[in-house]
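*Asks:* Pasting the feature list from Swiss-Prot:
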BINDING   Arg48  NADP(+) binding site
BINDING   Arg125, Ser126, Ser127, Asn238, Ala239, Gly278, Lys293, Pro294, Thr295, Ser296, Ser297, Arg319  FMN binding site
Amino acid sequence: MSGNTLGQNFRVTTFGESHGIALGAIIDGCPPGMELSEEDIQIELDRRKPGTSKHATARREDDKVQILSGVFEGKTTGTPIGLLIHNTDQRSKDYSKVAETFRPAHADYTYTQKYGIRDYRGGGRSSARETAMRVAAGAVAKKYLKERLGIEIKGYLSQLGPITVDNVSWPFDNDNEYFCPDKDKQEEIRQYMDNLLKQKDSVGAKISIIAKNVPVGLGEPVFDRLDADLAHALMSINAVKGVEIGDGFAVAAQRGTEHRDEMTPEGFVSNHAGGILGGISTGQDIVAHIALKPTSSIMTPGRSINTEGEAIEMVTKGRHDPCVGIRATPIAEAKVALVLMDHFMRNRAQNGDVVPPVMDLAHPEN
């Protein structure tokens, strides 16, 4: 399995399985001298951890992170940062029947076909449990980006099933169990999820992410465009089936006179491009959206096969999120932070001495 590392100059490698002893991450390329504690990382992990809502998995994990290396006397040393989280609430017996069957719309079948073997307990490496380490690594990137560059990254639940959250403007409050900035919609979501649980079903969701104060110039054309790397990182999140940058798929219905982000001496007139042009950040807000599929781990019977290829009826038991999108916001924020951090490091390495010859249109007052 060779796809466990993200980034080039700021590299993150994760390891571990859902029901293994622990999850871990190695961060290579973090600049030295930044103050970093386990508490700094724990703040982000607590936003993601399971068991915080009746509409999320009932699995209880403290997700207490340990810093194993790369920090001395409270500051990063520039050496690899090792992070570890122990699993404490595995219930592998819930998955005993999954060993010889394939859950529909899960990675069970494809992992078996690719590797000839799989850890069936909780999905093993394919479980969203692994994203705890992405959030932990993202916390390090977030801290650096905010303290050194003033970059803020914040996401929110913009759709859950038929319920949409519209007209959200910065700053917004996402400090609730749904990461929803609209208090009225929070109650609507709560009622919808209660009914969904009674129906033994699940639902999809959409998450929106905004990154503010991103400097102009991040992105490496042509193959490592900033939007390409953001899409790659966000698509690697479990259950994500679509990524949009800026207006995304809505551009198919737009005309050029509407979509083009005109420029004046006072700055950009609009931001349909989502803060990226030609694969390079413009200095405007970077805006991205992800669509997450409904989990197929539900109590409603569905057709599948066993390892002998025989037809079976499958009911997935265990502790699962009826909407995986509810806890996806901190994960999406982390992935955006990791990409921006990597591209900042790459841009600094090559273009650190470049003085932009034209005014900063995103901040014309400067």
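For all residues, glycine too, the Cβ spot is worked out from N, Cα and C.
Note that the coordinates shown come from a computational prediction; the quantities given were computed from them, not determined experimentally.
Where in this structure would I find these features, and how exposed are they?
*Replies:* Cβ neighbours within 10 Å of Arg48 (NADP(+) binding site), excluding its own Cβ and spanning all shown chains: 22.
Taking a C-beta cut-off of under 8 angstroms and a sequence separation of 6 or more, Ala239 (FMN binding site) has the following same-chain neighbours: Ala128, Leu292, Lys293, Thr295, Val324, Gly325, Ala328. Classification of Ala239 (FMN binding site) by DSSP places it in coil, neither helical nor stranded.
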*Asks:* By CA-CA distance, flag whichever of Arg125, Ser127, Ser297 among the binding-site residues is nearest to Arg48 (NADP(+) binding site).
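*Replies:* Closest candidate to Arg48 (NADP(+) binding site), judged by Cα separation, is Ser127.
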*Asks:* Counting every protein chain present, what is the number of Cβ atoms, excluding its own, within 10 Å of the Cβ of Arg125 (FMN binding site)?
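*Replies:* Total other Cβ atoms inside 10 Å, all chains included: 19.
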